[in-house]
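Feature annotations, reproduced from TrEMBL:
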{"type": "DOMAIN", "residues": "24-213", "note": "domain 'tRNA(Ile)-lysidine/2-thiocytidine synthase N-terminal'"}
{"type": "BINDING", "residues": "29, 30, 31, 32, 33, 34", "note": "ATP binding site"}
């Protein structure tokens, strides 16, 4: 078979010379997108010894989920690749046995966290540098709309990038980001390659399924087939804006931390630790709130404080402290046992028991 457009898209997005001597771990669910990914990477990779496959069985669909895992095992074996499989009901990150009711309530976010924890474990075990997932251009559009209706901020509207850090030594890579679902299916048809069908994809009770099966066809009917390209373009603009905001936020953090160290040295602040963070009010370091907001998100992530626990009202509370509209000495509470305090021209945020009171 001559090179298909899908393989050409991968080459254009992530040229082979950039990864040909590096071990890759491919996350394969058994669905069309991931099967196309593994078949394409096998055709493009100069050395199959550097490719490994991983499959995480969420055990949501009983026997059907087990059949997915067996399909991936056999596919990997037929391609000469090693395959690593784990089950959610026995994976070590699941604390204790689950009842069927608890399993039903397990959120997609929790499932994703478990899956990525498994992929990280396997990647370190085999010495992989990149973990590959099969997100496509179609997924990018669905994610953008899903996040828009959830009320996400700018970061949620930014289309996923080719690479993002999964861990300090691992990079998550999405080689199919330029490929549509139609191109994936055509590629598999050309190769006469079967794949698994997830019966839950037909259930419009899942919002992403509703977006894919009902909303997007309606948008194409009303606005024309170019609506997909326009949504992708909007997502790319959001990504560029978010990246620029992130750069300004990093520069702000550098300046704020230097000022805090100076204040600590002269007794203006308690000893700085990992348990709390100090940043200047707007009157001391004039910076637009969106930049400060993004910088504080970096702080939350760096200290592993639960970022999702912070809602819009709580960020507005922090903004009031930053703008110095709260009185000196004012103390408030934030989610996850965090405390916020205005101390002269400084704002202190940290754990209640951090000892900086």
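Each residue, glycine too, has its Cβ placed from N, Cα and C.
Feature map: annotations from TrEMBL on the structure.
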residue : record           : contacts (Cβ under 8 Å, 6+ apart)
29      : ATP binding site : 55, 68, 72, 134, 196, 198
30      : ATP binding site : 55, 68, 69, 71, 72, 75, 195, 196
31      : ATP binding site : 134, 195, 196, 197, 198
32      : ATP binding site : 181, 184, 185, 188, 195
33      : ATP binding site : 134, 135, 136, 139, 176, 181, 184
34      : ATP binding site : 26, 27, 28, 133, 134
